[in-house]
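Report on the structure given below.
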Amino acid sequence: MDLWPGAWMLLLLLFLLLLFLLPTLWFCSPSAKYFFKMAFYNGWILFLAVLAIPVCAVRGRNVENMKILRLMLLHIKYLYGIRVEVRGAHHFPPSQPYVVVSNHQSSLDLLGMMEVLPGRCVPIAKRELLWAGSAGLACWLAGVIFIDRKRTGDAISVMSEVAQTLLTQDVRVWVFPEGTRNHNGSMLPFKRGAFHLAVQAQVPIVPIVMSSYQDFYCKKERRFTSGQCQVRVLPPVPTEGLTPDDVPALADRVRHSMLTVFREISTDGRGGGDYLKKPGGGG
């Protein structure tokens, strides 16, 4: 059905209004810029996943597909003007399985992870990610390990299987032991699953600390600008000879060392680090 002339004029006016409003909001409203940037960030990842799926599908579900995802995601930091500095990469054990533990601040953690991700390393993620459209399918093809955190028995069973996989397939896993994104500019208490996994498999733990994003990103303040982030790889922590009884002390010791480094690298060159006292940075 043909539109009457007035409707065409109305559509044209709405189009012109959008052309005017969007740039105005972009330059005049930090909150609008925040929402635009986050929408593009998530949408772009979903689009890249669509491109990655047919390439990864050639191998099927395979940890080597993580190299493809990493290659496709590395450029995102340039789109947002974020400089990622990596220090301590020589601490990665060269030829053995291990468990990476890292602090968890925001969905932007993906940028730091892709920058430093070692070979044959896959994250352990919450099962909900599996249903995140193209991103979920791409992650499944890349060997990401999904855990239903609400079903403790299933999670323990999966961790036992992962321990065997570490040893038999020379795989490394990346775990966020806080269990959820942290909004308070510090570190939440660590859940012990990653440490039980490392002790069960008798493999080292490699702590990785990402500095605070508060100088360029804050969900609570609706602020997202350009900036820099430091990713620090700490020396591996051996677990040989440890038993499940040693896990609580091990988790506390690793968290303490990571928190010390987090405070150090989050205040270095950032005006004394007052923003570390502000809650609400995650997202």
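Backbone N, Cα and C define each Cβ position, glycine as well.
Keep in mind that this is a model prediction, so the values were computed, not measured.
In Swiss-Prot this protein carries:
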- 1-26: signal peptide (SIGNAL)
- 27-37: topological domain 'Lumenal' (TOPO_DOM)
- 38-58: transmembrane segment (TRANSMEM)
- 104-109: motif 'HXXXXD motif' (MOTIF)
- 128-148: transmembrane segment (TRANSMEM)
- 149-283: topological domain 'Lumenal' (TOPO_DOM)
- 178-181: motif 'EGTR motif' (MOTIF)
Secondary structure composition of the topological domain 'Lumenal' (27-37) [DSSP: H/G/I, E/B, coil]: 10 helix, 0 strand, 1 coil
Cβ-Cβ under 8 Å with the topological domain 'Lumenal' (27-37): same-chain residues at least 6 beyond its ends: 80, 222-224
The motif 'HXXXXD motif' (104-109): DSSP-derived helix, strand, coil residue counts: 1 helix, 0 strand, 5 coil
Composition by DSSP (helix, strand, coil) of residues within the motif 'EGTR motif' (178-181): 0 helix, 0 strand, 4 coil
Residues of the topological domain 'Lumenal' (149-283) by DSSP state, where helix covers H, G and I: 58 helix, 22 strand, 55 coil
